[in-house]
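Visitor: First, the structure itself, so that you have it in front of you.
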Amino acid sequence: MDATALATLLVPSWSAVVVLFSYLGYLAAAGAILPGKLVPGAVLPDSSRLHYCCNGLLSLLLLLVLSALGVYMGWMTPTVIADRGIELLSTTFIFSVTVTFLLYYSGLRSHHKSSSLKPHVSGNFIQDWWLGVQLNPHFMGVDLKFFFVRAGMMAWLFINLSLFAKSYLAGSANLSVILYQFFCAWYIVDYFVHEEFMTSTWDIIAERLGFMLVFGDLVFIPFTFTIQGWWLLRNNVELSLLAATVNCFIFVIGYLVFRGANKQKHVFKKCPKALIWGKPPKLVGGKLLVSGYWGIARHCNYLGDILLALSFSLPCGTSSVIPYFYPTYLFILLIWRERRDEARCSEKYKEIWVEYCKLVPWRIFPYVY
C-alpha cells in the first residue's frame with residue numbers, strides 16, 4: 001500500500017462514521033434498557049457511591065444475534081469491520097479526541113461538589129486534558145467511563161470476529177487463527193461474565209476521565225490488541241502440536257492466575273471474612289490481604305495478565321516481533337503501574353505496607369521480581 005492510498009484510507013468515510021455511531025448508539029440503548037445486576041461501586045471521598053448496571057454480557061449476546069441476523073438477511077457482510085479497519089481507526093481516533101475536549105471544557109464549567117463531578121484542575125492544560133477533570137462524568141444518564149471501557153472490550157471481539165470471517169472466506173483459518181480467536185474470545189466473554197469486578201478496579205475508582213482513558217478504551221484496546229489477528233490474516237503460520245499445547249498451557253495458567261487473583265480481591269472487598277482457598281483470610285494491619293494469590297506476589301493479577309497477553313501472540317509464531325506488541329506494551333505498562341501502586345500504597349499504609357512487603361516480598365514474578 002503506497003502513501004497516497006494509506007492517506008486516503010485515513011480520511012474518515014461516511015460508512016465508517018455510520019458503523020461507529022450505530023455501534024455506540026446500540027450500546028447506549030442496550031445499557032439503559034436491558035436488565036442486569038445493579039452493583040454498588042466503591043465509596044467515594046464524600047461518602048457517596050455510584051451504582052452500575054452490569055448488563056454487558058446480555059448486551060454482547062444480543063448484538064451477536066443481531067449481527068448474525070444482519071449477515072443472514074444480507075443487510076451487512078461479516079467482513080464489514082475488517083474491510084474498513086483503517087477508516088474505523090481514524091474515525092474512532094477523531095471521535096476520541098473530540099470527546100476529550102468536550103469533557104475538558106464541560107468539566108471546567110462544572111460547579112458540582114460531589115466527588116464524581118467535582119472538577120480537579122491543575123492549571124496545566126495538557127495534564128488536565130490527558131488525565132481528565134472529572135472522576136465520573138455522565139451524558140444523558142450514561143456513566144461515560146464505564147460505557148467507554150465496555151465499548152472498547154466489545155469492539156475488540158467484533159474486530160476479531162470480522163477478521164476471522166475474512167480468514168475463513170479466504171480459506172486460511174488454520175490452527176493458529178483458531179487458537180488466537182478462541183483465547184481472545186474467552187478472555188473477552190469472561191470479562192463480561194465478571195463485569196462487576198471492573199467496578200472495584202483503580203481505573204473506575206480513582207482515575208479521572210480524560211484522553212488517557214478515552215483513547216485507551218476506544219482506540220488502543222480494540223485496534224492494537226487485534227494486531228495479531230491482522231498479522232495472521234496476511235501471514236500463514238503452521239503450529240506444531242507441541243507448540244499449540246504449550247500455548248494452551250500458558251493461556252490456562254494465565255487465566256487461572258488473572259481471574260483467580262481479581263476474584264479474590266473483589267470478594268474480599270465486598271465480604272472481608274469470605275474464605276480464600278477454603279481458609280479464613282489472613283490480613284496485615286487488618287487491611288491488606290496476604291492469603292491466596294495475594295500471599296504469593298503483591299500484584300499477582302499482573303502476572304496472569306502478562307501470561308494471557310503472551311498466549312494471544314504465540315499463535316503467530318516467532319518470525320516477527322510485530323504480533324508481540326501487545327504483551328510487550330502490557331509488560332512495560334504493568335511494571336510502570338506497579339511502581340505507581342507501590343508508591344501510593346506506601347504513602348497510604350505506611351508501617352503496615354512495610355510489614356506487608358516483608359511477608360510478600362515478590363512484586364509480580366515470584367522468585368524473580
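From the backbone N, Cα and C atoms, a Cβ is placed for every residue, glycine too.
According to TrEMBL, the protein carries these features:
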{"type": "TRANSMEM", "residues": "56-76", "note": "transmembrane segment"}
{"type": "TRANSMEM", "residues": "88-108", "note": "transmembrane segment"}
{"type": "TRANSMEM", "residues": "147-165", "note": "transmembrane segment"}
{"type": "TRANSMEM", "residues": "171-189", "note": "transmembrane segment"}
{"type": "TRANSMEM", "residues": "209-233", "note": "transmembrane segment"}
{"type": "TRANSMEM", "residues": "239-258", "note": "transmembrane segment"}
Visitor: Flag the pair the transmembrane segment (147-165) / the transmembrane segment (56-76) as in contact if three or more Cβ pairs fall under 8 Å (sequence separation 6 or more).
Guide: yes
Visitor: May I ask whether the transmembrane segment (209-233) has at least three C-beta pairs under 8 Å with the transmembrane segment (88-108), counting pairs 6 or more apart in sequence?
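Guide: The transmembrane segment (209-233) and the transmembrane segment (88-108): touching, yes.
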Visitor: State the non-local partners of the transmembrane segment (239-258) in its own chain: residues 6+ outside its ends, Cβ under 8 Å from one of its Cβ atoms.
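Guide: Non-local partners: 175-176, 179, 183, 186-187, 190, 293, 300-301, 303-311, 314-315, 317.
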